[in-house]
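Colleague: The structure is given below, and queries will be raised subsequently.
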Amino acid sequence: MSASHASHASHITPPVTDPTGEDAPTLLVKIFGRDRPGITAGLFDTLAAYGLDVIDIEQVVTRGRITLCALVTAPTGEADGATEGELRATVHSWADSLKLQAEIISGHGDNSPRGTGRSHVTMLGHPLSAESTAAITAAITGTGGNIDRIFRLAKYPVTAVEFDVSGADTATLRTALATKAAAKRVDVAVVSSGLQRRAQRLVVMDVDSTLIQDEVIELFAAHAGCEAEVAGVTEAAMRGELDFEESLHARVALLKGLDASVVEKVRSEVRLTPGARTLVRTLKRLGYQVGVVSGGFTQVTDDLRERLGLDFASANTLEIVEGRLTGRVTGEIVDRAGKARLLRRFAEQAGVPLEQTVAIGDGANDLDMLNAAGLGVAFNAKPLVRQAAHTAVNVPFLDTVLYLLGITRDEVEAADIRD
Ligand SMILES: [Mg+2]
């Protein structure tokens, strides 16, 4: 037994409510080696001979190597006279026969209680470097947080790992890690732990440059021959330099006289963001409702709603009279405030509290919506938006949002195979 393990085991200070009692002698049995069927059963069969009770089990297999940790009550020697010494000898002899390494650490009681303030930290890299991992984990420690558990969520299309962190305030952790993540060019999302995360039931997305790779008005503009002019106005609006409604009217006016047949052409030109179908399909399977809100046009969002099976879609409508675009929009304008209003309306219609909603967007006009949602995700967003949102994803795959919700790639692929 190493000194460090001995001191770790004696760390149990606050009272433990476990029936074994905080002073009850316990053993941490750790097995490491080449994985094969029957190791877990073999270990517990060996321990069973001593009539021990199981307090905790953790097991992980990494590239064919198993790490199995079992926290069990220590033999009392009262019932059948079996001693800890005998148990140690038996476990080591079993491990040796399978060429496994065994370590048995004596201590007292259960695991130390986890600190208050629980968060899930998701780290995405493409690839994920050791350097950025060092920076993020050091930053977690810097906030007073302790990493209780680490596991991989996905290896494709990005490497995603999740850290379960305790002992740090979620907001503090989020701020500290966001700064580090930006410097190290890695994506980090921090959400508070608890049932809330499992209760998210509505996802509302922006369309242009979020669900799809294009800006729809630019596709229309290309047909009207005023692409450059419109693109300039769009960029200024997205940077927050222009009032959205003014810029919308200015851009739509440039489309005046365009034949209505371009609507079909634009629909066929729209390119979904990689991972968009996977995201929507997986969310629908999980029972989420999914909607889009767009400062673009219903002429395109209605088509997307049908193609993707979305529950909600709202956008501005291009006015068409006698087969031609009039250069005006009709109905309620979907701008920055409008998007947040629609998120609330969809949530109400879906019967989902606002805290259980997720919003995804890239532009300044998404900010109110991102902040109103329970979880706001800035997707490949402008710096202004990235800084203001709860979390940011900067890899170009929309399905990575699933990892922020704690859904693993394996679960996504298993569901795809099943259907
Ligand atoms: Mg957008």
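Glycine too: its Cβ is placed from the backbone N, Cα and C atoms.
Heads up, TrEMBL stuff is auto-annotated, nobody curated it.
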Colleague: Quick one: which of 1-21, 316-336 does TrEMBL have down as region 'Disordered'?
Modeller: 1-21
Colleague: What counts of helix, strand and coil residues does DSSP assign across the domain 'ACT' (28-107)?
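Modeller: Computed counts for the domain 'ACT' (28-107) are 24 helix, 32 strand, 24 coil.
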Colleague: Run through the Cβ atoms and count how many others sit within 10 Å of the one on Asp208 (active site, proton donor).
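Modeller: Summing over all protein chains shown, Asp208 (active site, proton donor) has 27 other Cβ atoms within 10 Å.
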Colleague: Have a look around Asp206 (active site, nucleophile) and count the other CB atoms within 10 A of its CB, chains all included.
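Modeller: Cβ-Cβ neighbours of Asp206 (active site, nucleophile) within 10 Å number 25.
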